[in-house]
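In what follows, a structure is listed as structure tokens, so that the remarks can point back to it.
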Amino acid sequence: SGESGAGKTESAKLLLQHIMNLCKGNSQLEQQILQVNPLLEAFGNAQTVMNDNSSRFGKYIQLRFQKNTVQGAKLSEYLLEKSRVVHQDTGERNFHIFYYMFAGLSAEEKEIYGLLDPSLYRYISGRFGTQDVAQHWKHKYQEVCNALDMVGFQEQEQVDMRAILAGVLSLGNVTFEPEDGNGPVKVSEASKGWLKAAAVDVLRQFVCCVPCPPSVSCCCSPFADARDSIAKMVYGRVFGWIVSKINELLAENVDPEVELREIGILDIFGFENFAVNRFEQLCINLANEQLQHFFNHHIFQLEQAAYKEEGLPWENITFNNNEPILNLLLAKPLGLLSLLDEQSAFPQATDKTFVDKLNSSFKGNSHFQPARGHILGFSIIHYAGKVQYAASGFLEKNRDTLPANVRGLFISSVTPLLVPLHIHHEPRPTLARVKCGDEAHVLRHSLMVLMEKMYSANPHFVRCIKPNNQKEPGVVDDQVVLLQLWYNGLLETIRIRRDGFSWRPSFEEFADR
């Protein structure tokens, strides 16, 4: 754990390499486990203002052992930041894979997939890069192709995947206009070429059947929202499909007579506090609150209980307990996520009514602050400090639903990839019955499953500390480091360990020594 840009993903990769080196087992399997990283990073990482290779999802790798050799592995992914596909703030980029494709595909391949100059695409904000950067991306694209081959993607599946990614980019350029000044909405004349370029059949067809709400005969917004929802959903399914293929490849081949043991490595997005913080930052920071609570439970509560049990003369050390913050966010029925679900269920509710509800529900709560003036937002005092959230878009992102007739198109798609994408990797209720409040519901469920895994294990904590906020090598900013040591509870942790015998041999080890 650690804040964004502290080095969690790099540390996890080094740890993985180290474990593989120690166990000297199935060399082919070990190489495969190490080689899936470029694939996951290409589709799941992006440049942010805090980190040029930021994980925009959480991953938990379970290594399965028999007789001290790795027999298999399983990867679980959590909370992919799908909204990045359709929007990035200033100084940020979309997922790496889009840029790698532009740099790595030949001119002929680009023509096949209908890809034009990258500066034309709204979903990558018209930003590309220097010649050096493009050369680096070209090399990365080759790495991704090699990893796709190694993981077992057939040639046609890879073609379909590239077609879908290119189609998603073209889809983002489709705009809408009223047909006759005040009549029904249609695809704008200027963007019909983009509609054609969204070559995957279902992406092209969906626009013809997005229902126009009766009360907004000439409003283009529902169409644009549906377009963005499809882009996010399709990208999320491609990512889930990659993870499924990786798990098929790495599935263990075990002797049922021999005990199976496991080492898990959790690498999850770090605490974030940007100039503008949205629904995604709230989800990320909630996950970090949960991990901090888990750390507190093990280091402070269980440690000190063990000292008392051993009969050590001991005065309790107090620590910064973040349970009240978790209650503020997760309590039912009046926690922030429950209130968000409740508001999402009302068609008339808006981001403003949601904020009003928060302000009245959490009045006097020391971890919640209403926004001042006319700002539509609120602040949470997290364990790592105060974060101000912009509430605009909270309800829409939480609903994240698709029109029913658009769902049907995926079921009947002639692009084979989109059918299994839709049917087999649907982590939610069947799409005919998608209910409001899904995102918060999925977030809560994912965190609950993850924490169950954590609490059932014997944990070791790797705390990653960010040396400076300028993304500079070899520079240590004392104040930046000290702040992290303080809010992570590491100063109290050191004191507890120092006062309570940090080396703990078993009785056998002690007697043998």
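In case you wondered, yes, glycine gets a Cβ from its N, Cα and C as well.
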>> According to TrEMBL, region 'Actin-binding' applies to one of these ranges: 102-124, 148-170, 447-469. Which one is it?
In response: 447-469
> Including all protein chains shown, what's the count of other C-beta atoms within 10 A of the C-beta of Gly5 (ATP binding site)?
Replying inline: 21
> Which residue counts does DSSP yield for the region 'Actin-binding' (447-469) in the helix, strand and coil classes, in that order?
Replying inline: 9 helix, 0 strand, 14 coil
>> Given a separation of at least six residues and a C-beta threshold under 8 Å, show me what packs close to Thr9 (ATP binding site) in the same chain.
In response: Glu41, Asn45, Asn53, Ser55, Asp267
> Given the recorded ATP site (Gly2, Glu3, Ser4, Gly5, Ala6, Gly7, Lys8, Thr9), which additional residues of the same chain have their Cβ within 8 Å of the Cβ centre, ordered by sequence?
Replying inline: Asn51, Gly270, Cys464, Lys466
> Can you tell which of the binding-site residues (Gly2, Glu3) has the fewest other C-beta atoms within 10 angstroms of its C-beta?
Replying inline: Gly2
